[in-house]
């Protein structure tokens with residue numbers, strides 16, 4: 001085992017020989033990170049990426065200036081999908097160490113799950129991993145039901161069944177109930193709904209290779225809301241919350257759904273399929289119908305839903321949509337407290353009508369006349385939320401995954417969004 005490289009923090013500028021505005025310097029004792037008070041957490045995260053790039057795989061965070069947030073910023077930049085890294089953490093008080101340990105356990109689970117190859121993480125495996133994580137932190141306060149394959153069709157989950165039937169791996173709906181009250185009749189405070197497309201080829205509206213090569217990550221929304229519930233539980237969540245994960249592959253086969261097919265949902269809505277690569281909204285619709293039936297105060301869905309959100313925000317922000325201004329403000333306040341990037345994009349009544357079909361009530365994709373793809377996707381989902389104008393948040397997870405490394409992140413999943421949603425649930 002190599003000796004750990006000591007990493008210390010300083011508010012003093014680096015020696016001028018390291019260059020103007022140098023953020024780190026190296027001496028016989030190790031590496032010093034020079035904080036300037038402007039974006040200290042970002043500076044630490046970027047420095048950790050550079051340290052990893054130097055091939056340093058064993059570090060000791062040394063000194064009294066480290067706290068849980070600074071340690072976490074370092075780990076966010078230091079962690080990568082290849083190789084092993086060891087961090088010797090500084091002495092923290094019990095509360096901060098517990099917070100850090102919970103982040104390491106749960107958000108690393110989210111990142112590792114999203115990074116997993118589709119071959120090893122199908123719909124059933126994703127659902128079971130979610131059950132295992134929540135059960136690990138909640139124990140007997142959790143019950144769940146898994147519905148799969150033809151049982152989905154028999155029970156009316158036509159969106160999920162339609163999308164997933166083209167794969168040999170059956171589609172799966174996970175319905176998980178976290179009920180810390182012990183009262184089976186306790187009201188449901190919140191419902192979380194996640195898109196769990198474990199691989200998205202685009203179906204017959206097939207993706208090009210450059211757009212398909214990262215589609216193992218199309219279950220990022222499901223992983224994010226699962227992690228958020230687990231993390232909220234570790235922070236003392238004492239209200240009943242239900243989790244719905246809509247898990248499927250979107251593949252091409254003789255049994256796959258086709259353009260022009262019409263899906264009839266349990267709420268009576270008929271949807272014409274004009275793009276099989278707009279499948280996420282089709283599976284989420286089933287989860288949102290179930291969520292609405294619980295009459296919760298709050299519904300949050302999360303999905304890697306549209307390329308349009310990435311076009312608007314890149315991979316730097318999650319896109320937020322809501323008709324409820326007060327609730328959107330609460331989510332953004334939670335994001336600010338957790339230092340996670342969210343940005344609200346437009347969602348108006350007219351977006352709900354920008355999905356015209358000649359054969360059904362709705363089309364599953366907008367036309368060239370209505371190019372606001374992220375907003376029309378949110379508008380589509382609103383048709384499956386009973387009281388869509390209040391208590392509903394839609395998160396288009398554009399910051400979930402990076403195809404290439406940048407100065408703050410390795411390639412792969414980020415885990416962003418988990419803490420924000422957990423913060424909102426426990427506020």
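Backbone N, Cα and C define each Cβ position, glycine as well.
The active site annotation in Swiss-Prot covers 207 (among others), and the record cites sequence analysis as its basis. The secondary structure of residue 207 (active site), as reduced to three states from DSSP, is coil rather than helix or strand.
For residue 281 (active site), the number of other Cβ atoms no farther than 10 Å from its own Cβ, over all displayed protein chains, is 28. According to Swiss-Prot, the feature active site maps to 281 (among others).
The Mn(2+) 2 binding site feature in Swiss-Prot is assigned to 195, 200, 218, 279. Mapped onto three states, the DSSP output places residue 279 (Mn(2+) 2 binding site) in coil. In the shown protein chains, 29 other C-beta atoms lie within 10 A of the C-beta of residue 279 (Mn(2+) 2 binding site).
When Cβ atoms from all protein chains are considered, those within 10 Å of residue 277 (Mn(2+) 1 binding site) total 19, not counting its own. Residues or ranges marked as Mn(2+) 1 binding site by Swiss-Prot: 200, 277, 279.
Taking Cβ-Cβ distances under 8 Å and a sequence separation of 6 or more, the neighbours of residue 195 (Mn(2+) 2 binding site) in its chain are 218, 219, 220, 221, 222, 246, 280, 283, 284, 301, 302, 303, 304, 305. Residue 207 (active site) has 200, 277 nearby among the recorded positions 200, 277, 279, 281, counting only those with a Cα within 10 angstroms of its own Cα. Between the CA atoms of residue 200 (Mn(2+) 2 binding site) and residue 277 (Mn(2+) 1 binding site) there is a gap of 8 Å, rounded to the nearest whole number.
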